[in-house]
C-alpha cells in the first residue's frame, strides 16, 4: 500500500494528532446529529486512537483513570452531598471538581500504584515490559474530559457510545488515513505535548492549570465573564512562558472566525440551521484547512522554520474561541477576558510555586542512610577490564528486557552524585566521597575504584540489581585531558565499546559513558535512544561532566574507519595513537545528518569515530590492545590433556552444590563474543596451524571477552595441529576443544563424565583418532546440585554452557553435513550381557544398517576403524533402551540443516579397555599412600574371609562415599586417616572392577567396598563369620556397593 499513499498532509501534520482529533470530532458530531448521542468529549476519540496504536497500555490506563475520576466525583455529588445537606456539583463547579480529582487520581496511579504494580509484575511474576513508559497515562485534561463525557448519560449508557466513536475513529485512521496518505502514526507520540506526557514531570503545568481554572470559575461567577469553558484560559495560561504561542493562537482564532463567518454567508449554508454539531463541524473543518494552508506554505517558503510555532496551542483551542466569538459576537471582549484571566492565573500560580520552593518542609523527612560499606570496593583490574565485565548486563536488553525511563528524582540523585564525585576528585575529602556514593546509590548505582595505571584510578559507576539498563560510566581521578568518550550503541554497533575502553586507558581520558540501546527498528525506539532523549542518565552524565571535548565512538559498514570532526579536533585526542589503534582513518570535518542531542547541547569540539565493522578492523583493534590468548605447547596427545583436565575426580561430584548456572545475558555474550568467533576462526583456518594475523586478532578479542566472563581460553599446539580450548572452570560449565583447520564432521559430546565413567576417555580417544571437529564435555556431575540444574540432559536445563556450545558449533557449520555424537555408558541389569561392544542410534534416519549413507555411514565406519565396533540400533530386543535419547541437544537438531544426532552407547568392557590409563592413575594413587594393590579374583578372595563387627562409623562411610564420587586422592587419604585399621585394593582380572578391603587391626574384614562405576549403591549385611561362596557370589551378582557384618 505504500505505493498508493498520497502526500496530502504537510510535514507538520503528517505526524500530528490534529488530523485524528478532527476525524474524531466529526464522528462525535455526526453521531449527535443522527443518533442523538451527547455532544461531549470532542477531543477524546481523536486523541486516544493514536495513543491506542502507539501505546495500548497507556491508553487503557487513561480510560480507567477517567472512569475512576467520574465515579469519585459522582459518588460525592450524587450520594454523599445530599446526605450531608450539601449542594450537588453543577456546571463549572462540576468540571472543576473533575479536573481536580483527575489530578489526584493521576498522582495516586502514575506516582505510586502503577509503578509498584509494574515492578511487582516484572520482578515477581516474570512479565517483561517497560512499565515506566507503558503503564501510565497521558494528557493534561483528557482524563477529566472522559469523566465529563459520562456525566449526562451515566457510566453504563455512556460507555457504549464512546466505545463506538473511538472504534470508528480507529478504523478510519488504521485502514484509510494511514495506508492511503502520508500520515505517520509512529510519529504522533512526540506530539503528545511534553508537558502533558508525564504527571510527575509536569507539576508546574498542573499548578497553572488548576489555579487558572479556579480563577476563571470565580470571575465567571462574580463578573459573568464567559470563556466557552474554564479550560480555555487555563490552557492558554500554560503558554505565557512562550508568548508567541498566545499570539499565534488568537491569530488562528481570528482567521477561523473570519473564514467561517464568510462560509456561513454562502447560499449553501444560508438556508440551513447551523447550530450544535453542524456548526462545530464547519468551524473544525475550517481550522484544519487553515493548518493545511499554513503547513504547506511554511514547507515551501520557510522550510527551515518550525511550522508548529505558527500554529495555535492545542488541537481545538483556537476553534473553540472562534465559535464563542461568533455565537456572542464578542471577539474583543472575549479576547480581553481570556488574556486577562490567563495572565492573572499564571501570576498566582507562579507565586504559589515560589512559595512551595521557599517554604521549608513542616517536618523534615528522615535522612536516607543506605547501608553502604565505609569504603568503595577496589577492583583487582584496570578500568578496561572493569568496563568489559560490566558489558554483560547490556545483553539483557537484547533478550527483551525494557530500558526503563529514570524518574525525575533518580536523574537528580545521579546528577548530585556526579557533582559530589567531581568535588571529591578536587579535594579528596572522604566525607564528600561517602555523600557521592549515597546519592548514586539512590539512583541505583554503586561506585567501585579500579587499579591505578600511571597514577590514575577510575571511579566506575555500574548499576545495582535489578538493572534498569541506564548504562555504565567511569571518570578518572587524575585525568590527563578533558576528553569524554561516549558509546551510545555498545551492542548494535560492533567494536565501538571495546575501542572506547582502549582509548580511555591509553589516553587517560576524563570520562567514559556507555548505555545499551535497543535496535533502532522503529521511530519510538529511535526517539527513546540516548541520542534523542534529554531525560536519560547518559545525557545527565554528558551535562554534568561539562566537557568541551567529546568523542563518540560508533561503527558502520565501511571499508575503513572515519573521524567526523565538528568544532575542531579535541585537544585530548592523540591522532597518531588513534591511527595506530584503528588503522587507516578517513578524517572529515562537519556534522552527521543524524540528530545528536549530545552534539547539540555542548560547546566545543565534538567528534564522531565510526569504526569499520570488518574482520580486519577487529584484528587491528585487538592486536596490542589486549593480551593474546594463552599459548600452550603440548608434548603429549591432546586427548591425554583433555582427560587430565576433566577426569571425574577433578569435577564437582554428587551433592557438592558447586555447579553455578549462568544467566541468559552471560550465555548470549559467550555466544556472540567468544564461541561464535572462535568457531569461525577454527573453521576458516586453511591448515592445522593458526598463523593468520586476522585470525589471531579475532582470537585475542574472544580471549578478552572470555576473561571478562571468567572463562579460560588457550591456543594449544600439539604434534598434530593447533587446538582452541575454552573452559568454564569458574562455574563448572564444561570444556570445549576445537580442532583448527580441516577435520571430520563430528561434534563429540560427553554429557555425564562423572556418573558414566570412562565415557570421557572413550570420547577423547575417538575424537583424537578420528580428527573430529569439536569435543564438548560437561563440567560437573549430573547430580552435583540437589535441584538437578547440573544435569545437561535434563529437558528443563536448556540454559547451560554445554547446550550453548552444542547449538553454536552446529549453527556455525552452516549447511555442511555433520553429526553430534553423545558418548554414553550402557546400563544393564545384573548378569545381563551387552548386545554389543557399542550401539549407535540416530535421530532422523532409518536405523537399518543397510540403508545408512553420508555422514551416518562414515561415522559407523570410523568407529569400527578406530576400535569401537558399533552396531546400529535397529529396535531389536537386545538394543531396547539404547535409542537416540539426548535431552535438549537432540531436541535442538530440528533447528539446523543437514545435521544428525547420534547416541553412542558403549559397554563397560569396551570403556574399561579405553580407561586403562585412568586405572593406572588410580593404582599409583593407592600405592603412593602405602595402600597395597594386588590383582586377584574377588570371589576367591572373599570366600572364607571372616567378617567382623562393629558397623563402620558414619564418618568413615561418608569419606568413602566422597572418594567414590570424586576419585580424588585427597579424599582417599582422608578415608585412610579416619579408618582405624588397614586398607587393601583388589583388582579383579575378570572385569568386575576394583574393590577396597577395610581390615580390622585384630584381623578379619570390617567391610568390602566395590569401586567400580555403575553400581546400585546398595548395602548388603550378613552375619559375622566366614563368608560363604554363595554369599560372595550373591554380593557380586547384585552389584551392591557395600558388604558388611550385620549388627
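Note: Cβ is positioned from N, Cα and C throughout, glycine not excepted.
Annotation source TrEMBL lists transmembrane segment at 12-31 (among others).
Among the features that TrEMBL reports, transmembrane segment is placed at 51-74 (among others).
Marked as transmembrane segment by TrEMBL: 95-115 (among others).
The transmembrane segment annotation in TrEMBL covers 135-151 (among others).
Marked as transmembrane segment by TrEMBL: 163-183 (among others).
Residues annotated as transmembrane segment in TrEMBL: 195-215 (among others).
Within the chain carrying the transmembrane segment (222-241), a Cβ under 8 angstroms from the stretch's Cβ atoms is held by residues 92, 95-96, 99, 140-141, 195, 205, 208-210, 212-213, 215-216, 249, 313-314, 317, 320-321, 323-324, 328, 330, 334, 337-339, 341-343, 345-346, 349, all 6 or more beyond its ends. According to TrEMBL, the feature transmembrane segment maps to 222-241 (among others).
Per TrEMBL, the feature transmembrane segment maps to 247-268 (among others).
Residues or ranges marked as transmembrane segment in TrEMBL: 280-302 (among others). Panel annotation: around the transmembrane segment (280-302), residues 9-13, 18-19, 22, 25-26, 29-30, 39, 42, 252, 255-256, 259-260, 263-264, 269, 274, 310-311, 316, 318-319, 322-323, 326 of the same chain, lying at least six beyond its termini, place a Cβ under 8 Å from a Cβ of the stretch.
Counting residues 6+ beyond its ends, the transmembrane segment (308-325) has Cβ neighbours under 8 Å at 12, 16-18, 21, 25, 42-43, 46-47, 226-229, 232, 235-236, 238-239, 244-246, 248-254, 256-257, 260, 279-280, 283-284, 287, 291, 294, 298, 331, 334-335, 338 in the same chain. The transmembrane segment feature in TrEMBL is assigned to 308-325 (among others).
Positions annotated as transmembrane segment by TrEMBL: 337-359 (among others).
Tallying C-beta pairs under 8 angstroms between the transmembrane segment (163-183) and each of 12-31, 51-74, 95-115, 337-359 places 12-31 first.
Taking Cβ pairs closer than 8 Å, the transmembrane segment (247-268) reaches residues 236, 239, 274, 282-283, 286-287, 289-290, 309-314, 317-319, 321-322, 325-326, 331, 335 in its own chain, all 6 or more past its ends.
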